[in-house]
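Notes follow once the structure below has been shown.
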Amino acid sequence: MATPVAPLKCPPPMKATSNGLFQGDNPLDYALPLAIVQICLVLVLTRVLAYLLRPLRQPRVVAEIIGGILLGPSALGRSEKYLHTIFPPKSLTVLDTLANFGLLFFLFLVGLELDPKSLRRTGKRALCIAIAGISLPFLLGIGTSFALRATISQGVNQGPFLVFMGVSLSITAFPVLARILAELKLLTTDVGRMAMSAAAVNDVVAWILLALAIALSGNGSSPFISLWVLLSGAGFVLLCILIGPPIFKWMARRCTDGEHVDEIYVCATLAAVLAAGFVTDSIGIHALFGAFVLGVLVPKEGPFAGALVEKVEDLVSGLFLPLYFVSSGLKTNVATIQGAQSWGLLVLVIFTSCLGKIVGTIVVSLLCKMPMQEALTLGFLMNTKGLVELIVLNIGKDRGVLNDQTFAIMVLMALFTTFITTPIVISVYKPAKLAVTKYKHRTIERKDTSKQVRILTCFYSTRNIPTLINLIEVSRGTAKREGLRVYAMHLMELSERPSAILMVHKVKRNGLPFWNKGEVSDSNQVVVAFETFEHLSKVSIRPTTAISPMNSMHEDIVASAESKRVAMIILPFHKHQRLDGHFETTRTDLRHVNRRVLQQAPCSVGILVDRGLGGASHVPASNVDFTITILFFGGHDDREALAYGMRMAQHPGITLVVVRFVADPAVAGGSVKLDMNQNSSPEDQPQDEVVISGLKQRISNDGSIKYEERTVKDAAETTEAIKSFNRCNLFLIGRMSEGQVVASLNKTSECPELGPIGNLLTSSEFSTTASILVVQQYRSPLSPDALSSLEEGETSDGNESN
């Protein structure tokens, strides 16, 4: 008699929380503590991989895809114990739900990045390139699908499989492409603009094709069901277009610049995203579509979109989105690709993917009369895959259209094509570097002072704008408008956050790095401030925005200074003043930008220590009444500071006080050797005397300039003498002053980029409300002292407040 077979028992569902180890519970048997362990593991691995891949300039999506594959059955998952402990089958539903929840809001952010108005403005060339970049890979994808169905994908539904393969090969990852272009500083080039426009069109078409693929892949036996799904989806989009924009515009109008966005509007929008996801999931497309459609419809201008991004992006892109890559990685088993046939199919898929995108784009680009180098670059850029590719593949896997082996092949194809993009583009089309411009006036000090002076002023936040505008006002000297031209550059960090790309799109017209003559929506108050000042003053000002990663921000500043032939770059100090008068570090990486500019600048450089020159607003020319003090010790930098001060003295509202420090003859004899160590060469001294002689002649004709000499014996006397001049509005000093007096001062300083005098003026023991401009004169090469002080400073970052 046969033994009766015991009925199979399903494992009980996981409870949310445990009672703790002391109650005998294993936390990894419960949903919440297990999810916490999974998230922490994912974050650590993906961030480490992103750091390791940074030298190769790979986008973070590459690290996240690799991290997901490593955590899955392809690598660590080969250990059954690990897989069943950290990623047991019963936990995958929770993990997938969290991942898709994060993905839902991330696709809402992607929709926010996509501006329908910019699509309407897409030129014919970009449209032709986008169509060619979709159609040829789609056709080749269909061709490849026949080879796969004949071998490793036998028995799958032909219609959906053809469409899924076509979509997979024809996608260009819009957010990933934008990140690569920004990293390579190609966003503002013709190639970059063309790639972004074509990728935006490609993105929209890909979503439409994906909706078609999902509709066809339904389980219904009747073809009418797929038709109903498509019609219902189209009806949903139409309804959203009719209802969504008026409501979102009403919300946006009620959110004004500079004021807190009401929480109810943010909550209502996020609830609408979830509701839209529910509707599209009920229709049978995918919850992601609803979120994406709503994101596209939200107005891109004003603080409302910014508030939405701010509330959503860090949690979603930093915490939940990496879970989606792990969810994909757990479905990817590279071990299923076995034998010559499977590896041959992988090569075939990669080849057809690259061939379709690259050849299709190149041919149309050449027909549009683009240079071969640019056409080739554009082809590789358009071949970038990313998150949307994984979404397509995961949906295909979940719907049973793609089996394990096909899925693994397609994931590796997406990884490979994205990985090769940056290295190939760098080798084919070097990032835009301006040829070295030969120009004469690289310093303020010059023989012909009637020539136009060009200055590049840089700032990170609107906090610095009033001081900058007042500094520009006093720098104009005479009333001649053509005497001074200022380029005001707003430095904005390109971070890993999605809103960084949204920020890039808001810059209307780009040059190199992002020169705008028109308005910049993201920096309206910045542009308005400078344009208002330009109308009221006699200065030609061109506001601009530079968007770059902090580690290469100095390249944009140096390249812009070179291209605009400026005589001086003015940089903000990396610390800001607190209410108690002490300084605290704004961000440590800002000082690295300053040091690299000091080392590589093609002109003179000034570092502005802002203590509120003229208060918190622009001082009209007729009301300017500033006292500017120059502390003159000798040397190139001090002469440059004096030349700048002499220009300022031409302004009717400026009183210039020049204080020259001279070593007491009684102790000078014992300082000769020390003096020689400070690079005070014999030919420098006469030059200082010539400059001072010219100053004295000028004083006889100009009552606004005062000159005095202070004889000092030692560092203590020098410090006391400097303190007696603290009641001024602005100090103008050289960074690396030369001579016997400076030689006696303490050279060890927290901020070597300010030099010994600059550090004294910013120290807590020196009480003043005066702003400070520390000047370094252009020399090629810089003096050994100037270079060594900057290099030493790199190893000792001072994060403490003074």
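Keep in mind that glycine also has a Cβ here, set from the backbone N, Cα and C atoms.
Remote same-chain partners of the transmembrane segment (30-49), defined as residues 6 or more beyond its termini with a Cβ less than 8 Å from a stretch Cβ, comprise 14-18, 60, 63-64, 66-67, 70-71, 86-88, 91, 94-95, 98, 318-319, 322-323, 325-326. Under the heading transmembrane segment, TrEMBL lists 30-49 (among others).
The domain 'Cation/H+ exchanger transmembrane' feature in TrEMBL is assigned to 45-424.
Cβ atoms under 8 Å from those of the transmembrane segment (61-77) belong to residues 41-42, 45-47, 49-50, 52-53, 83, 87, 173, 176, 321-322, 325-335, 386-387, 390, 408, 411, 414-415, 418-419 of the same chain, restricted to positions at least 6 beyond its ends. Per TrEMBL, transmembrane segment is recorded for 61-77 (among others).
Here TrEMBL flags 97-114 (among others) as transmembrane segment. Residues 35, 39, 174-175, 178, 200, 203-204, 270, 273-274, 277, 287-288, 291-298, 300, 305, 308-309, 312-313, 316-317, 319-321, 323-324, 326-327, 387, 391, 498-499, 501-502, 505 of the same chain sit 6 or more residues outside the transmembrane segment (97-114) yet have a Cβ under 8 Å from a Cβ within it.
If you look up TrEMBL, you'll see 126-148 (among others) marked as transmembrane segment.
Taken from TrEMBL, the feature transmembrane segment covers 160-182 (among others).
Under the heading transmembrane segment, TrEMBL lists 194-218 (among others). With a threshold of 8 Å between CB atoms, the same-chain residues lying at least 6 positions outside the transmembrane segment (194-218) that come near it are 114, 118-119, 122-123, 125-127, 129-131, 133-134, 138, 157, 159-160, 163-164, 166-167, 170-174, 177-178, 181, 186-187, 225-227, 229-230, 233, 284-286, 289, 292, 361, 370, 378, 381-382, 384, 388, 391-392, 395-396, 399-401.
What TrEMBL lists as transmembrane segment is 224-244 (among others).
Annotated transmembrane segment per TrEMBL: 265-298 (among others), in sequence order.
Remote same-chain partners of the transmembrane segment (343-368), defined as residues 6 or more beyond its termini with a Cβ less than 8 Å from a stretch Cβ, comprise 125, 128-129, 131-133, 135-141, 143-144, 147-148, 151-152, 169-170, 172, 198, 337, 374-376, 378-380, 382-383, 409-410, 412-413, 416-417. Per TrEMBL, transmembrane segment is recorded for 343-368 (among others).
Long-range contacts of the transmembrane segment (375-395) within the same chain: residues 59, 61, 65, 103, 106, 129, 133, 164, 167-168, 171-177, 180-181, 191, 194-195, 198-199, 202-203, 206-207, 210, 213-214, 217, 286, 288, 321, 324-325, 327-328, 331, 353-354, 357-362, 365-366, 402, 407, 410-411, 413-415, 417-418, 420-421, 424-425, 428-429, each at least 6 residues beyond the stretch ends and with a Cβ under 8 Å from a Cβ of the stretch. Taken from TrEMBL, the feature transmembrane segment applies to 375-395 (among others).
Annotation source TrEMBL lists transmembrane segment at 407-429 (among others).
TrEMBL lists 483-623 with the feature domain 'Cation/H(+) antiporter central'.
The domain 'Cation/H(+) antiporter C-terminal' annotation in TrEMBL covers 627-779.
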Report, as numbers and ranges, which residues of the same chain sit near the transmembrane segment (160-182): CB under 8 Å and 6 or more residues beyond its ends. 59-61, 110, 113-114, 133-135, 137-142, 144-145, 148-149, 153, 192, 195-196, 198-200, 202-203, 206, 209-210, 212-213, 216-217, 349, 352-353, 356-357, 381-389, 392-393, 396, 399, 401-402, 410, 413-414, 418, 421-422, 425, 494, 496, 498, 500-501, 504, 547-549
Hey, which bits of the same chain come close to the transmembrane segment (265-298), Cβ under 8 Å, at least six residues off its ends? 100, 103-105, 107-114, 116, 207, 211, 214-215, 218, 225, 229, 232-233, 236-237, 240-241, 244-245, 248, 251, 254-255, 304-305, 307-308, 311-312, 391, 395
